[in-house]
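Enquirer: What TrEMBL records for A:402-483 is domain 'RCK C-terminal'. Here TrEMBL flags A:6-24, A:31-51, A:57-74, A:86-114, A:120-138, A:159-177, A:189-208, A:220-237, A:243-260, A:297-321, A:333-356, A:362-384 (among others) as transmembrane segment.
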Amino acid sequence: MDIEIFILWASALIFISVLTSKLSDRFSLPALLLFLLVGILAGSEGLGGIYFDDPGLAKTIGVFALIFIIYYGGLDTPWKSVKPLLAPGLILATFGVLITAVTVGLFAVLILKFSLLEGLLLGSIVSSTDAAAVFSVLRSRRISLKGSLKSLLELESGSNDPMAVFLTIGVIGLLAGQNASGVQLLPLFVLNMGVGLLAGYLMARLGIFMINRVKLEYDGLYQVLIAALILLTYSVANFSRGNGFLAVYVLGLMMSRSAFIHKRQSVRFYEGVAWLMQIAMFLTLGLLVFPSQIKPIIGPGLLISAMLIFLGRPISVFLCLLPFRFQFKEKVLISWVGLRGAVPVILATFPLLAGVAQAHTIFNIVFFVVLTSVLVQGTSIPVVSKRLGLDIPFDRKKRYPLELDETEGIEASLNDLIVPYNSAAVGQPIASIDLPPQALIVLISRAEHFIIPTGSTVIEAGDVLLVLGKDSDFSQVQATLSKLREPEEKSS
Amino acid sequence: MIAEYLVKEAIIPDLRSGDKAGVVREMVEALSKAGSVRDVDGTTEWLLEREKLGSTGIGQNIAVPHAKREDVKKLLVTVGLSARGIDFDALDGDPVNIVFLVLAPSDATGLHLKVLARIARLLKDKVFRNSLRSCKSAQDVFSTIKEEDERAV
């Protein structure tokens with residue numbers, strides 16, 4: 001294709017995709033589904049008539065996009081809320097994925113007359129839930145899930161892709177006869193994950209150190225440096241036989257926990273990059289699909305989808321969460337939020353390129369499974385969570401202007417304290433109290449009303465102060481206000 | 001306005017523990033038995049974490065441990081009394097007899113601040129403090145607070 005024409009098509013399709021995201025809010029369809037539809041419509045069997053049949057290029061775009069999407073998934077993980085859920089989250093992300101892959105695989109052997117390995121390949125490909133799909137549904141659809149469920153689902157979906165990639169590549173290896181037996185996969189798994197983890201960790205330490213030391217002349221170059229760091233992390237892990245996707249996820253996670261120059265811009269920037277990558281990827285995949293080829297597999301596709309949604313996923317969730325204290329209905333909901341997305345479709349291009357016998361059938365089935373999963377589960381999560389009584393009605397989530405979300409770039413939080421009755425500060429204007437300069441009293445709650453303080457506001461006993469500042473500064477404020485009044489002034 | 005958040009079944013007129021950690025746990029357990037709190041360990045830890053930033057013993061033998069938590073559905077207040085006194089690291093070093101424990105949903109900052117201010121204001125009154133101290137049962141505590149709450153509008 002001529003470059004001028006290519007640019008026209010690419011820009012027009014991306015433009016349309018961005019606009020369709022508005023529809024996703026209105027009609028409560030996950031945005032990624034719409035991107036896919038735009039791709040399909042633009043394809044040779046749709047209105048656009050673009051013929052695209054190059055799984056190699058699709059895979060290249062897919063892997064490249066995935067690196068950035070997974071990095072952003074790590075960067076966007078709210079570490080504080082995720083930390084207490086690390087154990088169940090990681091078990092779901094590893095064993096959970098394995099259990100799903102095996103159950104779906106066995107079922108595929110039964111109904112598609114696949115060989116065991118081909119079945120396992122199909123199972124592995126659809127085994128991971130999709131972070132982008134889960135996030136977009138949980139965030140855009142005005143859904144508030146109770147307690148820690150949301151954090152658990154976000155952690156799981158963000159961190160389970162590496163396992164699916166590992167399984168897929170492993171099974172393709174077995175099919176090609178590279179690995180003699182499945183037993184050899186176990187040490188390979190340990191090596192793959194271990195090296196991935198280590199590479200991500202080391203590259204993050206190194207990268208953050210560099211970013212903070214290098215003192216670049218141009219601010220824009222910092223984001224370029226990070227882009228290089230992300231790709232390099234993937235490569236380093238890959239070439240040392242580790243899992244590149246896991247490494248990139250760990251890198252993102254580490255970056256989100258550390259302070260570095262221009263962090264806030266960086267998070268914004270990579271949010272944009274992640275979106276662009278998602279659109280590019282789904283458009284490509286949409287183009288790669290030929291709806292006419294999907295038709296014949298609708299029957300088995302539906303069976304596999306139903307199997308995944310109603311059996312594979314629930315079995316894996318209930319088994320993995322056995323050691324943890326979750327209610328039955330919570331496990332049902334976690335099972336239901338098992339949306340599949342981009343990763344399976346990208347992984348489905350792997351067997352195409354490896355020349356696996358059933359590759360085309362697998363690709364089309366995977367595509368169909370993703371479609372049904374997003375359509376059925378994605379659109380029904382609000383209803384299901386309501387039925388289970390696990391949603392928080394949206395009107396209860398009314399935002400007060402007094403709230404501060406964990407914000408990148410500000411290490412401060414809002415804390416409150418009650419001014420002790422016999423504090424030396426009582427009766428003093430704020431300006432005359434020796435408070436740490438980095439802490440700010442933003443609001444006073446007194447009797448029935450709120451006061452926005454100024455330097456001349458006089459503190460009263462029993463005032464509740466809302467203080468903005470780091471925890472250490474807050475402690476200092478509290479210590480200052482806890483100084484006792486001189487005994488001779490003490491009134492009874 | 002406090003009475004409507006007060007969990008009557010979780011009021012403890014005679015706290016067993018004599019130290020901060022024990023008392024906080026005892027009160028959270030009472031809330032859990034009343035069906036208001038699910039994660040006893042996590043909630044206790046969270047409240048004690050807040051105490052590390054500075055004690056909520058505000059003098060006059062009173063402490064108001066409080067925290068906001070994501071898994072708290074509605075604002076909860078409970079009260080514990082201790083005749084022998086609790087070591088709460090209060091600023092004046094005096095033992096604490098009256099503990100008001102407040103748990104709020106993490107998105108209810110405004111209400112949380114109001115309730116704290118209300119508690120602090122009611123407890124400023126010496127007569128109220130003394131009548132609270134002399135309560136012998138949970139019902140006593142509840143009606144004493146309710147009365148004062150309605151009186152002091």
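A Cβ is built for glycine as well, from the same backbone N, Cα and C atoms used for every other residue.
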Enquirer: Which bits of the chain, at least 6 residues beyond where the transmembrane segment (A:243-260) starts or stops, bring a Cβ under 8 A of a Cβ in it?
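Expert: Distal contacts: 66-67, 70-77, 79, 158-159, 161-162, 165-166, 192-193, 195-197, 199-201, 203-205, 207-208, 211-212, 226, 229-230, 233-237, 266-267, 408, 411.
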Enquirer: With an 8 Å cut-off on Cβ pairs and a sequence gap of 6 or more, do the transmembrane segment (A:362-384) and the transmembrane segment (A:297-321) reach 3 or more such pairs?
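Expert: Yes; at least 3 Cβ pairs under 8 Å.
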Enquirer: Could you break down the residues of the domain 'RCK C-terminal' (A:402-483) into DSSP helix, strand and coil, giving a count for each?
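Expert: Summed by class, the stretch gives 14 helix, 25 strand, 43 coil.
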Enquirer: So what's near the transmembrane segment (A:31-51) in sequence-distant terms, Cβ-Cβ under 8 Å and 6+ beyond its ends?
Expert: 9, 13, 16-17, 20-21, 23-24, 130, 132-133, 136, 140, 278-279, 282-287, 289-292, 341-342, 371, 374-375, 378
Enquirer: So which of A:86-114, A:189-208, A:220-237, A:333-356 has the most C-beta pairs under 8 Å when paired with the transmembrane segment (A:297-321)?
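Expert: Comparing A:86-114, A:189-208, A:220-237, A:333-356 against the transmembrane segment (A:297-321), the winner is A:86-114.
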Enquirer: Would you mind listing the long-range same-chain contacts of the transmembrane segment (A:333-356), meaning Cβ under 8 Å and 6+ residues beyond its ends?
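Expert: Distal contacts: 30, 32, 55-56, 58-59, 62-63, 65-66, 69, 92, 118, 121, 124-126, 128-134, 137-138, 145, 149, 152-153, 157, 161, 164-165, 168-169, 172, 175-176, 278, 281-282, 285, 288, 308-309, 313-314, 317-318, 321, 326, 362-363, 366-367, 369-370, 373-374, 377-378, 380-381, 384-385, 388, 390.
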